[in-house]
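Record features (TrEMBL):
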DOMAIN    180-263  domain 'DUF6534'
TRANSMEM  20-46  transmembrane segment
TRANSMEM  58-83  transmembrane segment
TRANSMEM  95-118  transmembrane segment
TRANSMEM  130-152  transmembrane segment
TRANSMEM  172-192  transmembrane segment
TRANSMEM  212-234  transmembrane segment
TRANSMEM  240-261  transmembrane segment
Amino acid sequence: MVDLIANTTSGAHIPALDNTMGALLVGILFSSALWGISAAQTYIYFDNFYNQDTLRLKLLVVFVFGLNTAHQIMLCHLIYVYLVSNFGNPNYLALVVWSILVMVILSAIIAATIQLFMCWRIWILSNKSVYWIIPLVMVVLASFVITVVYFVRSWSLRTWVELADLSKISQAVNGLNFGGDIVITFAMVYLLDTSKSGIKRTNVLMNRLMYFCLATGLLTTVCAICSLVSISVWPNTFVYIGFYVILARLYVNSFLAILNAREKLRALNRPPGSSFLSNLTFTDIQWARSASSNNMILTLNMPSHTQEVETATHRNDIEMESFLQSKKLSFRPVDSDCVVHAPEPAFLSSDHVV
């Protein structure tokens, strides 16, 4: 320890590192915490949805988490090289470590993957409208291509002074990330708002989805804005890198949160009460609205044979009869399998993930 202190004090003067390595270290600490959250979310996803989701969706989760982990490894490597391997060597702080450039391209792949996933959701919600999807995809691909250009041009550079010449490209990347997040978020909110019906429970579900999309989308948007502003105001510091390293982690956590929230969102779309309903197979409900009035006709296909069902539900025939009369609902048993068909909203199914 004495030799270490002696070598440090006798070496070159170490400048203040608060807005350079300090900002980078703080960003990496936050990124590490968010990686832990994403690992927990990945475990929760496979624990809850392994037997429900398609293989392609599970592979997408594995791919995203693999990129997320590789991104975190690059961050750990670069901070170790700067602050441990070259401790007491201030001249090395002026050099660019290769792992930070790899981190940049990994961030671009993560952002593009998650944003394209969001675009796919918008495509489903908009009934596969190309007018919605083409502009969004173009913004996402433009951001990715510009990041690749930045990576290729910066790979041969060795110092931060040389890398500063590419600051305009870096600003363009942050600006496109910000613009893409804003457009995707508000497109989702608009489409969900226009999907509302006259059913109160469905409207509650839509409102929850809108708030959820705003919360997850605004997190990445605010982080992208902070990175864009800091590189414009303090171009000779690492403050913008501190925000940039967190951005990829926010994308991953938003993606996993969307997948893991589906079961709770589906629960909002189920009618309350009746414990026996969860033990039946619901496959065929027919809803029809009269063209000349607002009356709703409900046809339930029920079995003609007797079936024993254990239930804790308390039924009030008088209240049920008055409810059916007030809603002008008709009940018609037919000789078929026990089926009730309540079509799940497309955005909550495993194939149309929201």
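Using N, Cα and C of the backbone, Cβ positions are placed for all residues, glycine too.
What you are looking at is a predicted structure, and each value in this text was computed from that prediction instead of being measured.
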Do any residues of this chain, six or more beyond the ends of the transmembrane segment (58-83), have a C-beta under 8 angstroms from a C-beta of it, and if so which?
21, 24-25, 28, 31-32, 35, 38-39, 42, 45-46, 50, 92-93, 97, 99-100, 102-103, 106-107, 109-110, 113-114, 117, 245, 248-249, 252, 255-256, 259
Which whole number is the mean pLDDT over the domain 'DUF6534' (180-263)?
85
Per DSSP, what is the residue count of the domain 'DUF6534' (180-263) in each of helix, strand and coil?
73 helix, 0 strand, 11 coil
Please indicate, using numbers and ranges, the residues of the same chain that are 6 or more beyond the transmembrane segment (95-118) and have a C-beta under 8 Å from a C-beta there.
60, 63-64, 67-68, 70-71, 74-75, 77-78, 81-82, 136-137, 140-141, 143-144, 147-148, 150-151, 154-155, 157-160, 162-163, 173, 177, 180-181, 184, 188, 241, 244-245, 247-248, 251-252, 254-255
When counting Cβ pairs under 8 Å to the transmembrane segment (20-46), the leader among 130-152, 172-192, 240-261:
240-261
Spatial neighbours of the transmembrane segment (130-152) far in sequence, C-beta under 8 Å, 6+ residues away:
101, 104-105, 107-109, 111-112, 115-116, 119, 122-123, 166, 169-170, 172-173, 176-177, 179-180, 183-184, 187, 191
